[in-house]
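**Q** The structure is given below, and queries will be raised subsequently.
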Amino acid sequence: MRLLGAHRAALLVLACVVVVVIHGLGEAEALGGGGGFVRAQGTRFVLDGNPYYANGFNAYWLMLLAADPSQRGKVSAALGEAAGHGLTVARTWAFSDGGGGNALQLSPGNYNENTFKGLDFVLSEARKYGIKVILSLVDNYDSFGGRKQYVNWARAQGQGIGSDDEFFTNPVVKGFYKNHVKTVLTRKNTITGVAYRDDPTILAWELMNEPRCQSDLSGRTVQSWITEMAAHVKSIDRNHMLEVGLEGFYGASSPSRIAAVNPSGYQLGTDFIANNQVPGIDFATVHSYPDQWLSGKDDQAQLGFMGRWLDAHIADAQAVLRKPLLIAEFGKSWKDPGYSSGQRDALYGTVYAKIYESARRGGATVGGLFWQLLVPGMDSYRDGYEVVFGETPSTTGVITTNSRRLRFLSKAFARARQAQPARGKGRHNGGK
């Protein structure tokens, strides 16, 4: 009887939350924003008037493999398997800078059309499987060129640049980046015929994967860059949401959070609060890798940190930013000393529980993307964090359970919305 009572109480709470959320969705609908594009409305994602949860995965490699037609089957397999497990969002790169391999941008403004066609294929296949895509526009790191490559291009044109951090301030470098943004956003897909900026398959643009600027820990340099580039993106594309690509480290705007929440030594020139308050930034992101940030700590300490890290960001997204929060990267490596699949499952379970509880209460957390999804035959891409569904049954079960719970919430909100009378219409003039 106690369990039954608890179940009834939970349903009552959910019903109350549904009423509150549906009221907000009526306001969202009044503002427009259908047509298959996901919008940020308050602290929620909304798709055609209903709450939308970004339940998904990272697969940075999608464009790189799709650039080779003989490898496209792996892209299709990954998207198909993801959809089969209830995943709805993929995050991937729309960059690869420099002259090596399947680079996208060979030099400033000079693009490899075969690689661009690979990205066309990714978006076409994602649409086929009902998966939305977040496209990141440049990397902080140099594995795929990133800001170091941009700086080197500027040096080759005679710019006297000292540090790679001048990526954020040098006018020539910023011009290169703005040109790349415009090229990607205005690209017309050779398969679908739809310009990227008009394609609802794209969930959002990301300014940079994990921006950092250790030469200016005040955060002012990155803040200025975000402000300029957010305005640039929005001047080209008003259809899609935009996010920064932040890991979530707190900065000067919230000094108490630096000591209480940031892992020790992780103040890297970004500011979770200030950066996400920039006009044009539609939602906040956070990444979390306790096994890297707290290496040497035991599993319980890492799980405890994960809980505190997420709680702080969820609370701040709700009360301070008043914007949606996406947990855009999280994972645990099998290369960690003493690793067991149970440890990974516990970490995934912690993340998913935080997402579900926030979503169930109508809170700011709109989903999570694990790092990373692979399919068989991709051994060279294994980094320790990979999930291959057929090889990891327990973790796959955790992922699938989360998909099922979020799908239940989506359906509950959708049913409640359908049961609501049309806003602004009387009883007798709403049709049959």
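Keep in mind that glycine also has a Cβ here, set from the backbone N, Cα and C atoms.
Annotations for this protein, taken from Swiss-Prot, read as follows:
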ACT_SITE  Glu210  active site, proton donor
ACT_SITE  Glu329  active site, nucleophile
BINDING   Trp93, Asn209, Tyr289, Trp371  substrate binding site
SIGNAL    1-28  signal peptide
**Q** For the substrate binding site, please report the maximum Cα-Cα distance among Trp93, Asn209, Tyr289, Trp371 in Å.
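**A** Of all Cα pairs among the recorded substrate binders, the widest measures 20 Å.
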**Q** Could you round the CA separation between Glu210 (active site, proton donor) and Glu329 (active site, nucleophile) to a whole angstrom and send it over?
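**A** Just about 10 Å between their Cα atoms.
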**Q** Roughly how many Å separate the Cα of Trp93 (substrate binding site) from that of Glu329 (active site, nucleophile), to the nearest whole number?
**A** 14
**Q** At the level of the C-alpha atoms, what whole-angstrom distance separates Trp371 (substrate binding site) and Glu329 (active site, nucleophile)?
**A** 6
**Q** Could you round the CA separation between Tyr289 (substrate binding site) and Glu329 (active site, nucleophile) to a whole angstrom and send it over?
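**A** On Cα coordinates alone, these residues lie 8 Å apart.
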**Q** Tell me the coarse DSSP state (helix, strand, coil) of Trp371 (substrate binding site).
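**A** Where Trp371 (substrate binding site) sits, the three-state DSSP reduction gives strand.
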**Q** Using Cα coordinates, what distance in whole Å links Asn209 (substrate binding site) and the residue listed as 'active site, nucleophile'?
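**A** That comes out at 11 Å between the alpha carbons.
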